[in-house]
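Enquirer: The active site annotation in TrEMBL covers D24. What TrEMBL lists as active site, proton acceptor is N72. Annotated Mg(2+) binding site per TrEMBL: D24, E214, in sequence order. TrEMBL lists 25-29, R37, H41, 69-71, W73, R75, R195, 201-203 with the feature substrate binding site.
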Amino acid sequence: MAEDIKRQLDPEISVPKHIAIIMDGNGRWAKKKGQPRIAGHKEGMNNVKTIATAASHLGVKALSLYAFSTENWSRPNKEVSFLMRLPVDFFGTFMPDLIKENIKVMVTGFTDHLPDRTRKVVLKAVEDTKDNTGMILNFAFNYGGRAEIVNAAKNLAIEAVNGSIDPNTIDDSMFAGQLLTNQLGDLADPDLLIRTSGEERISNFMLWQLAYSEMVFDKTYWPEYSVENLIDDIKEFDRRDRRFGSV
Ligand code: V07
C-alpha cells in the first residue's frame, strides 16, 4: 500500500516536509448533495483518515490540519457539539491504524476550555502515540493565529517583568519558542499550505509559521479531496520549489 502510493510520485519530486491543510468546503459539499452541514463534517472526518495515511506513505514528516478555529465557537450550538464529538469518533475508529502507521498525534491549540470528553480523548491520543517515530499528525484544534501570537507576547512580557529575561534580547527565535508550534521543533513552519474549496485566504491559520510557505489553493471540496489531488498539489509545490532553486 505504502509503495503503491509512493509509485504515483516521481522519485525526483521533492515532497514538502511539513504540509498544512485548511480543510474547507464541508458545508458546501453537503449542500450540493442536499444534506445537512453535519453530514459534510462527518464525511470530512473520514477523509482525514485517507489523506493522513497517504501523506504518511508519501514521506511527509508533519501534516497539520485546521480542524476548529477559536472563531468556530460562534456557530450554532448543535453544530459545535457535533464538531466536538468528531475527535472522539476519529480516535474511536482510527487509533489502530495510527498505531500501525507509527503516526504521532499532536495538538496545536488551546485545549483547556474544550468539553471534558473531547479534551480527554485528544490528550489520550497524544499520550498513546508519543513514542511513535513516523509522521506527526498535528491537529490545529481550538486554534487561532492571533491568539497564539498574543499568548506568546504575554508569556514574554511576564518573563520580562519578573526579570527572567531582558526584553532587549527578544528575537525571532525566542518569540517562536513561545508559540504553540514550538513542540514541532524544526518542523514548526509548513513548507506548503493547501486550502481546499477554492477560497484563497489564510483565515487566522498559522500566521507566523506561514511567513515563507508556498500556498496552493485547490478547488476541490474537502470531503472529495483525494490522494490524486494531494499528489497534484505536491507536484505544484515541487515546480515552484525548482524555479526558486534555479535562480
Ligand atoms: C473535524 C472534519 C474535517 C473537516 C473540517 C471540519 C469537520 C478530525 C478532527 C479531529 C480533531 C482533533 C483530533 C482528532 C480529530 C476534527 C473537528 C472537526 C472539530 F485530535 N476532523 N475534524 N475536529 N471535521
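Quick reminder: no glycine exception, Cβ is built from N, Cα and C everywhere.
What you see is a predicted model, and the numbers here were worked out from it, not measured in a lab.
Looking at the shown structure, what environment does each listed feature sit in?
Expert: DSSP classifies D24 (active site) as coil under the three-state reduction.
For N72 (active site, proton acceptor), the Cβ neighbour count at a 10 Å cut-off comes to 14, with all displayed protein chains included.
Counting Cβ atoms from all protein chains shown, E214 (Mg(2+) binding site) has 19 others lying within 10 Å of its own Cβ.
Sequence-distant contacts of T70 (substrate binding site), defined as residues of its own chain at least six apart whose C-beta falls under 8 angstroms from its C-beta, comprise G109, F110, N142, Y143, G144, A147, N204.
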Enquirer: For N72 (active site, proton acceptor), which of the binding-site residues W29, H41, R195, E214 has the nearest Cα in space?
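Expert: Among W29, H41, R195, E214, H41.
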Enquirer: Given the binding-site residues W29, W73, and counting only Cβ atoms in the protein chains shown, which has the most within 10 Å of its Cβ?
Expert: W29
Enquirer: Relative to ligand 1, which of the recorded positions G27, H41, N72, R195, I202 have a Cβ found under 6 Å from one of its atoms?
Expert: H41
Enquirer: Report, as a single number, how many Cβ atoms besides its own are within 10 Å of the Cβ of D24 (active site).
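Expert: The answer is 24 other Cβ atoms.
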